[in-house]
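Chemist: Below is one structure. I have some questions about it.
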């Protein structure tokens with residue numbers, strides 16, 4: 001195999017280290033980064049899951065339920081809209097430290113598309 005085509009985890013060909021470093025630096029104007037788990041402004045009202053969805057175990061937002069939020073919170077909204085946009089106000093306020101995604105396309109580090117590129121080849125796979 002040609003050595004030039006192999007991925008070298010010690011070289012930063014994609015420039016990800018600078019992307020991450022920029023995300024860790026204070027913002028211009030002395031503004032400090034916003035808290036990562038602050039709830040964002042509410043999204044337009046979305047219908048709650050139907051009775052059929054609830055019968056199949058879909059009882060509100062799985063993200064909030066997994067994080068042991070109150071039932072009144074996690075049952076008040078869904079995690080995602082049918083088109084894939086994030087509806088959860090808690091997750092919408094989170095900014096992924098790897099890629100900077102938030103709002104409609106927010107996700108945690110576990111679901112970040114860049115995590116596969118940043119993982120050390122000999123590290124365990126997320127407890128799996």
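From the backbone N, Cα and C atoms, a Cβ is placed for every residue, glycine too.
As listed in Swiss-Prot for this protein:
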REGION    7-23  region 'Essential for its translational repressor activity'
REGION    23-58  region 'Disordered'
BINDING   61, 64, 77, 88  Zn(2+) 1 binding site
BINDING   96, 99, 107, 112  Zn(2+) 2 binding site
MOTIF     96-112  motif 'C2HC 2'
Chemist: With H, G and I counted as helix, E and B as strand and the rest as coil, say where DSSP puts residue 107 (Zn(2+) 2 binding site).
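Modeler: Coil, per DSSP.
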Chemist: Within the chain of residue 96 (Zn(2+) 2 binding site), which residues six or more apart in sequence place their C-beta under 8 angstroms from its C-beta?
Modeler: 102, 106, 107, 108, 109, 112
Chemist: Starting from the Zn(2+) 2 site formed by 96, 99, 107, 112, give every other residue of that chain whose CB sits within 8 Å of the mean position of their CB atoms, in sequence order.
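Modeler: Other same-chain residues with Cβ inside the cutoff are 97, 98, 100, 101, 106, 108, 109, 111, 113, 114, 115.
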Chemist: Inside 8 A of the center formed by the CB atoms of 61, 64, 77, 88, which other residues of the chain have their CB, for the recorded Zn(2+) 1 site?
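Modeler: Apart from the listed residues, the neighbours are 60, 62, 63, 65, 69, 73, 74, 76, 78, 79, 87, 89, 90, 91.
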Chemist: Test of understanding: give the count of other CB atoms lying within 10 angstroms of the CB of residue 77 (Zn(2+) 1 binding site).
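Modeler: Other Cβ atoms found within 10 Å: 20.
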Chemist: Restricting to the same chain and to sequence separations of six or more, state which residues have a Cβ under 8 Å from that of residue 64 (Zn(2+) 1 binding site).
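Modeler: Sequence-distant Cβ neighbours: 73, 74, 77, 79, 88, 90.
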Chemist: Mind looking up the mean pLDDT for the region 'Essential for its translational repressor activity' (7-23) in the predicted model?
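Modeler: Result for the region 'Essential for its translational repressor activity' (7-23): average pLDDT 57.
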Chemist: For residue 99 (Zn(2+) 2 binding site) and residue 61 (Zn(2+) 1 binding site), what Cα-Cα distance in Å is obtained after rounding to a whole number?
Modeler: 23
Chemist: According to DSSP, does residue 77 (Zn(2+) 1 binding site) fall in a helix, a strand, or coil?
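Modeler: DSSP call for residue 77 (Zn(2+) 1 binding site): coil, neither helix nor strand.
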